[in-house]
Each structure stands twice: as structure tokens, then as C-alpha cells.
Amino acid sequence: MASLNYLSLLQNSLRSLRIQREACISLTNTSIYRFKSTLSSDQRDLIANGPSLDDFVSGNAPSTPEELKRKKRQRLPLPNWLRTEVPKGKNFHRLKEDLRRLKLHTVCEEARCPNIGECWGGGEHQTATATIMVLGDQCTRGCRFCSVKTSKAPPPPDPNEPVNTAAAIASWGLDYVVLTSVDRDDMPDGGAEHFAETVRQIKKRNSSILVECLTPDFRGDLKGVETVALSGLDVYAHNIETVQELQWLVRDPRANYKQSLSVLEHAKTVKSDLVTKSSIMLGMGETDSQVLQALKDLQSSGVECVTLGQYMQPTKWHLKVKEYVTPEKFKFWETVGNKMGFLYTASGPLVRSSYKAGEFFLKTVLRERQGKTAADNVQ
Amino acid sequence: MATMKCLTRAGLLVSRGRLLSTLCCRNIGKTYPKTTSHIFSQNLFKNLQKFNSRQFQPSLSLSTDTSSQKPTKKKPRTVKVTFVDRDGDEITVDAKIGDTLLEVAKEYDVDLEGACEGTLSCSTCHLIVDKNWYEKIPDFLTEEEQDMLDLAFGLTDTSRLGCQIVVSDAIDGIRLKVPTETRDIRNL
């Protein structure tokens, strides 16, 4: 008898839970949160029945020659296409002075980017640009590919940083700017509010500037993702860094593949006209099918822009390069990305997430999209 | 002790002099195009040496043998340490006493990373110690190290961080494994 009573109790509680859940769903169906996938059935069919690696390969995919693969106990020399000029020039030094004066950090310096001379120096047709790193220069995570300083307890972020960053960017007169940050697992919101405030300050000073943010994953806290996504930025970027099979080796254990994909999905859910972007490093020992699968996963998560670059060992304390992928192979991945239907696939040995991010193409796309949303709003 | 101090200070001065002369030589071509840097450096170094020898009279009471100018360098004591790397290859090395295992791995090109450079802020130098050696490590497992280890991929009961274990005689012959991919329940 007692057991029968217990069983009925259990059934009742399950029933009530089910009713509650259904009530929740019906209540929230009208809100911006959705429990179902945002892809249409046609899109899902396309991805499921779409091209596989064989369609692209057919025996013609370039492979890395043996001399560009690292063998045990041997040093793998840097190929000539990765050798860059020593940074110098008026723009370079002026930018450096500006940054030091305002106590700003850049990922360009902290992560030892090889393109620093080119981006900071500006070209004939481009203005000098830098990717400012907010929330300080000390990260709470230690990933094996990144040379940004790692600390268990970094100092609290500078409260003037959003204003200083916005002032610096306004003084440089840029029309496309990229912001990024370190991981701050020691802060309750992961630094999301500080990041969002920086974006708001930039937009306040210049509402026509296009802002791209390369964000952390906020430890999976989607509220943080939402805070940044709704701060007024135009491109939401978050990197998966490598293929799923190498996440354990390359990234800090607090970061993972599914978490990163959920960040990208959520940003798109919260603001559907956001352009989402992600990035992969090659040369860490991944296979072609793994990279293709990663690209497919990104596409399923609604990501529109992808960048692929060569991993380069920043210091002796970090992962060694497994192979130097040839420029031809990078071109191959660019073709694959374009065929898969990404809005923009930037692929090259020196390409990084924010390298030439403000290219004419992207700017055109964004302005077009903004024009469309404005037209919709008017109607 | 005092004599050792004198000797090292003299050595420093001479090396500083050498550095100074090299630095000067780099720019000399620009200001004095007719001077050859080679002659200039020789003269500069000779003058510096004279200056140094006048200022310092190190008492070489260490050895009465005045023919040997340089003190003999003591070879550092080493112990055997075996690493099993991610491919399963075993590498036995002579680890210097006083180095951390992370430094030893770097010296012998073992694939072990140290993203935070040994400041106990990450878990990239995670090593799995052989069961019979785990208890013999004299470096006590602090709470800070345990906190960082808790995050590590592939954690075992005999895991330690390589930057926290200092090489000593007590761990002569130790075997360590660099963790590699296993089926982790977190399914990263």
C-alpha cells in the first residue's frame, strides 16, 4: 500500500512538473527566448544532406609536404611566407604612445601577433588600426597557444577604461574597430558589463563606427553573452580556436567546444541581425575531415564569417607547431568556406580573427543589413 | 665568500666593459666613418681592462696556483628523470638539482607547456606521476596547486603540476607521464 501511495505521489509530481514546463514554454513563446532551433527545416536539410569532404577533395586537396611537418627532436624552421618585417615607422610609434598614455592594452602586443607592423603601421590605403584588449592584460585562464599573461587573481579592471578606449578610438578616426578582452573568471559577470560599457561609449562618440567584439565565453553564462550582444555592436565574434578533437590540448579546461558554439548561437538568438564570426587555427595536428566538421558545426550555429590562420608558437612555454600549412591549402579552405555558403571566409597563414576585419566587403554587408532593418522599422 | 664576491665582481666589470665596447662599436661607424670599429674596440677594451685592474685587486687566496686565471666551473649535480610524452615515447634525462620539472622538460625539448610560466595560475604543466613515486616527492601538495589541478584534463590520483616539483636526490629515477587524450566525461 505504502509503495502504491509513493508511486502515485511520484506520478503526480511528474505530472505537475510537466504542466509547469508546458506553461513556461507557452509563456515564453512570446518572448525573445526560443527553445527550438532558429534554422528553418530547409536550412537543416541543406546542412545534413549537403556536401561532404569528398565533394571538395576528389583527390585534389593540397597536402602539407613532409619538410613542413615537425619531426621528433627536430626544430621546424619558419617558412618564408610567415616571415614578417620588423615593425617601425611614424604610425607605429604614435599608436604605441597613445596606448601607453591612456594605459590601454592590445592583443597585438600581448599575444605577439606577427601582423603588428602591418596593422599598426597602416598601409598606403588603410589607416593604422589596433585591436584593443579590455579588462586588463592578465587572463585567468592558461591556454596552451596564447601568450597573454596568466594570473589567478588579476587586478580589478580600470573603471576609466571604457571611456579611455572610446577616446582613443575616436581620436584615431577609424570607421571599423575590433575590441577583445581577456577571460575574467574572477568577476561575477565575467566582465560582460565592462565590455558592453566600452562598446556603448564608442558608439556614443561616433554612432557610425562599426564595432566588432571578440568576446570570451563567460564560462557559459548566456546572460553575459546577451549583455554584450545588446550593447550596440555590429559583429559578434567568439573563437572555437581549433577542432573538437584537439580542444583538450589547445584550450584551457574551462573552455570547450560546445560552450563556445552555444555562445555564438545565443548571440544570434538574442539579436538576429548580428553578424557572428569565429576563427580556427591550423597546424596543430588536425585532419581535413576534422576541420570540415568544425566548419559545418559553425554553420549550424548560425556563424556567418570564418577566419582560418596558421598557429605560430609565441614563446618557448607554449605548444610547438605541428605543421606549417601551405598557402595553397589555405586557399583550398577558402574555397570550401565559400562553397559552404559562409558570408565571408578569410583564410591565410597570417590571417587572424581581426586581421583586415573591416574589409570593404564586410562593411558593405553590414551597411546593407542596417539599411534593411531601418527600412523595416519605418514600415 | 669575500674572495668569491671579488672575483665575480671583477668578472662583471670585465664583461660590462666588453658589452660597452660592443655597444659603442655598433654606432661608431656612423659618427666616425673613417675609424675602423675593430681598432676602436680593441683600444677601448684595453683601456677598460687597465681601469678595472687598477680599481680591483682581487685576492686570489682560493688557489696559490697563479697560472690558472679562471676558477674551475663546478658541474651541476644531476639525477635521472624519465618523461613519457604524449606519443608514448620514453625520454630519460639528466635533470639539474634545483630546477623545476617544467624547466627540465623545456631544456630537453619534452612537449610540456607552461602557459603561466610557473606561477600556479593554470594547469598546462600537468604531469601524471608514477604510482610508486608519488609519495616520495618532497614538495608538499598545497591547496593552490590542488585548486589548479582540479581544472586539469585527465586528472588522476597521482597528478602533480610540473612547475611545483623541484628536482632533488629524493626523486632520482622518477617516471612521469605527460597526459594525453583520454575519454573525459566532460566530452570537451
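Including glycine, each Cβ sits where the backbone N, Cα and C put it.
Annotated features, as they stand in TrEMBL:
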BINDING   A:CYS108, A:CYS113, A:CYS119, A:SER354  [4Fe-4S] cluster 1 binding site
DOMAIN    A:122-343  domain 'Radical SAM core'
BINDING   A:CYS139, A:CYS143, A:CYS146  [4Fe-4S] cluster 2 binding site
Nearest of the binding-site residues to A:CYS108 ([4Fe-4S] cluster 1 binding site) by CA-CA distance, picking from A:CYS139, A:CYS143, A:CYS146?
A:CYS146
Name, in order along the sequence, the binding-site residues among A:CYS113, A:CYS139, A:CYS146, A:SER354 with a Cβ closer than 8 Å to any chain B Cβ.
A:CYS146
Suppose you look only at the domain 'Radical SAM core' (A:122-343); what would the mean pLDDT be?
92
Around the [4Fe-4S] cluster 1 site (A:CYS108, A:CYS113, A:CYS119, A:SER354), what further same-chain residues have their C-beta within 8 angstroms of the site's C-beta centre?
A:THR106, A:VAL107, A:ASN115, A:ILE116, A:TRP120, A:THR129, A:ALA130, A:THR131, A:ARG352, A:TYR355
Please report the number of other Cβ atoms within 10 Å of the Cβ of A:CYS108 ([4Fe-4S] cluster 1 binding site).
25
Among the binding-site residues listed as A:CYS139, A:CYS143, A:CYS146, the Cα nearest the Cα of A:CYS119 ([4Fe-4S] cluster 1 binding site) belongs to A:CYS146
Find the one among the binding-site residues A:CYS139, A:CYS143, A:CYS146 whose C-alpha lies closest to that of A:CYS113 ([4Fe-4S] cluster 1 binding site).
A:CYS146
Cα-to-Cα gap, A:CYS139 ([4Fe-4S] cluster 2 binding site) vs A:SER354 ([4Fe-4S] cluster 1 binding site), nearest whole Å:
19
Taking the Cβ of A:CYS146 ([4Fe-4S] cluster 2 binding site) as the centre, how many other Cβ atoms fall within a 10 Å radius?
24
Can you give me the Cα-Cα distance between A:SER354 ([4Fe-4S] cluster 1 binding site) and A:CYS146 ([4Fe-4S] cluster 2 binding site) in Å, rounded to a whole number?
16
According to DSSP, does A:CYS139 ([4Fe-4S] cluster 2 binding site) fall in a helix, a strand, or coil?
strand
If you count Cβ atoms within 10 Å of the Cβ of A:CYS139 ([4Fe-4S] cluster 2 binding site), leaving out that atom itself, what do you get?
27
